[in-house]
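> The structure that follows is given in the form of structure tokens.
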Amino acid sequence: MNKKRVVIKIGSSSLTNEKGEIDHKKLGDHVNALAMLHQHNFEVILVSSGAVAAGFRNLGYSSRPVTLKGKQASAAIGQGLLIHTYMDKFMEYNIRSAQLLLTRSDFSVQKRYKNATSTMLELLERGVIPIINENDTVAVDELTFGDNDMLSALVSGSIHAAQLIILTDIDGIYDKHPGKYASAMRYDTIDLITNDMIQETDVSGSKLGTGGMKSKLMAAKVAASLGVPVFIGKGVGVSKLLEIVNGHGQGTYVRSFRNKQIPIRKQWISLHSTLEGKVFIDDGATQALMHNGGSLLSAGVINTQGDFEDGDVVEVYNRRNLLGRGQVSCSSEELNAANTLKKAKQMTQIPAIEVIHRDSWVMVDQIKEEFQ
């Protein structure tokens, strides 16, 4: 974890006016705070929505479009306008910034995931602020992050950030809808976001029932599971981000329950990879994987399901339960051939081949099913 590396997510509601257009004063206020954080030697990554809001007027829409083609066309115009505005504002502080547009498929393909992460780290090393947005123009409904909340969580995990700050127009997470219940109490800190808390946001007028909060809770849960603590709330003034990182923010702090962050290879395996098959193992291999810190060898494999190749990701089961998933070092054909040869010759001296290296193995408790 880099103690001075912070991801800040700014949503459309924190950038727009009552007409749904970009509010340049709001954007300028955010840049002022981001610049101050940068000047205090923090590495700053900005995840910003707002492309549609910046562009829809230029297409002749009187209000924010609701059709997919309208949104994507607006984003195509608006993203350029948005990034140009950000760059001009940052240059007032002699701070360079750069644009990265990402989609879910950039995370699902391992090489692209590594390249995106390497690019972000190189920009930070050079003192540049990466400005990240989902590539709305080409994204499809089935493969989106959802208002950039989840994107910010995944970015914070991949670059091993010290904190994720999700800025919103709500001053934190409440036990009830603060607009409907005068007795609503804000959580100053949350140790663990439960699925019950997330589901409650679907119930009108119930616990945490603030619009847009569900996606923020889901994102915070994923970030915390990756070892990144999260702040959800708002702030005022040029020092608002410094106040947040120093523990004095106007909102809710979500603690991470992990003492150390997860390597990016394991993040990709657990959160982004596509499953290509299943491997069933015996009790000895289970002991090696789950308790002894070992790798999975072919000698411990009982059976396989599906056709997979070297580098694919598979689920691993023992005789009773799902144990986890891993990136294989051999194909299903090679694995089955090795075990068939061993059985045919009834020999134990045939060298076992490595199926999953320990560094490419993720136990089931690290796999976030709510994100799949």
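Each residue's number is its place along the chain shown, starting with 1.
Cβ atoms here come from the backbone N, Cα and C positions, even for glycine.
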> Per Swiss-Prot, which one of ASN41, ASN58, ASN148 shares the substrate site with SER49, ASP136?
ASN148
> If I take every residue in the domain 'PUA' (276-360) and average their pLDDT values, what number comes out?
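That stretch averages a pLDDT of 90.
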> In sequence order, what residues of the same chain, 6+ apart, have a Cβ less than 8 Å from the Cβ of ASP169 (ATP binding site)?
SER13, SER14, LYS234
> Give me the count of other Cβ atoms within 10 A of the Cβ belonging to ASN148 (substrate binding site).
26
> Based on DSSP, tally up the residues of the domain 'PUA' (276-360) by helix, strand and coil.
25 helix, 32 strand, 28 coil
> Counting Cβ atoms within 10 Å across all protein chains shown, which of the binding-site residues SER49, SER215 comes out on top?
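Of SER49, SER215, the one with the most crowded Cβ is SER49.
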> In whole Å, how far does the CA atom of MET213 (ATP binding site) lie from that of ASN148 (substrate binding site)?
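Their Cα atoms are separated by 13 Å.
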> Using Cβ-Cβ distances, find the residues under 8 Å from ASP136 (substrate binding site) that belong to the same chain and are at least 6 apart in sequence, listing them in sequence order.
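Spatial neighbours, sequence-distant, of ASP136 (substrate binding site): ALA51, VAL52, LYS71, GLN72, ALA75, GLN79.
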